[in-house]
């Protein structure tokens, strides 16, 4: 079998400057971004793997029409839910947009919580086998016959490093790891470790053109309360009807990346009858809390970040002070 690889992408060019505003879900990123926009001529680049999809507005907490009109936004509503959007595509799009925004005399403000996108932009992407639809289809058939735990056991034989950090039912990541091995003959962990070594060598003595501001809670209970409030608001705004309309299209399945987004997966299962509708709220809140936990873990692996406690009453002022120190355009 011939092996084709996605092109390697380096981190953002050193002659570009931008500010990144990251944080877990419900940490107040949108409010902070709009506050920055009141003082600096910015254009916002969304760093959110769910906001790229059209027709997924309520469950993704997509910015309102008024918010989108107040400040130029990019990488929102650029894909149909039927089509996936990768970290490699994000890096190419973000680099292009950062350069274009800079050429317009404005500052690119990257805002979101998809940490894989941030990491890919900061550290670059090494060569990785391209997605292979045929191999993925075979894996889906095998999973239907044997179950994902069986495929997880197979992965443990060929890539124990990756298997050790994946749950036996993590279908998306197990499928990708086995796909990489079957296409290339090398485990996914091989490519990831090589990439890490390459980035250490490339970045030694270098400086980042980005300022990374990270909104992180000092009190998890505060964040959990906001998550519950937001999910309740989504349900009250017609989230279930939104998912029902997506299902009614007939061409979407629960295995698509778009439908695996937190909240959408739980709502789909409830509409399918595989999970009681009465449990949707609790399951959705729990899944969102787990997502926030993973996001915070990612953020803590980024030593260059400037942390602002999002549960501090002066959080917005602190964010603005960091931005003011970074740009002469602050007004």
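Each Cβ is built from the backbone N, Cα and C atoms, and glycine gets one as well.
Annotation comment: Swiss-Prot describes 23, 24, 25, 26, 27, 28, 29, 30 as ATP binding site. Annotation source Swiss-Prot lists substrate binding site at 25, 26, 27, 28, 29, 30. As annotated by Swiss-Prot, region 'Interaction with substrate tRNA' applies to 48-51, 172-176, 260-265, 293-300. Here Swiss-Prot flags 114, 136 as site 'Interaction with substrate tRNA', drawing on sequence analysis.
Long-range contacts of the region 'Interaction with substrate tRNA' (48-51) within its own chain (CB-CB distance under 8 A, at least 6 residues past either end) are made by residues 59-60, 62, 75-77, 85, 90, 112-114, 116-117, 257-258, 261. Mean pLDDT for the region 'Interaction with substrate tRNA' (293-300) in this predicted model: 95. Residues near residue 29 (ATP binding site) in space but far in sequence (CB under 8 A, at least 6 apart, same chain), listed by position: 21, 22, 23, 111, 112, 113, 215. Beyond the region 'Interaction with substrate tRNA' (260-265), the same-chain residues lying 6 or more positions past its ends with a Cβ under 8 Å from any Cβ of the stretch are 25, 49-50, 53, 56, 59-60, 172, 231, 234, 239, 243, 246, 254, 284, 287-288, 291. Residue density at residue 24 (ATP binding site): 28 other Cβ atoms are found within 10 A of its Cβ, drawing on all protein chains shown.
Sequence-distant contacts of the region 'Interaction with substrate tRNA' (172-176) (same chain, six or more residues past either end, CB-CB distance under 8 Å): 136, 139-140, 143, 148, 151-152, 155, 162, 166, 188, 257, 260.
Counting residue by residue with DSSP, the region 'Interaction with substrate tRNA' (293-300) contains 8 helix, 0 strand, 0 coil.
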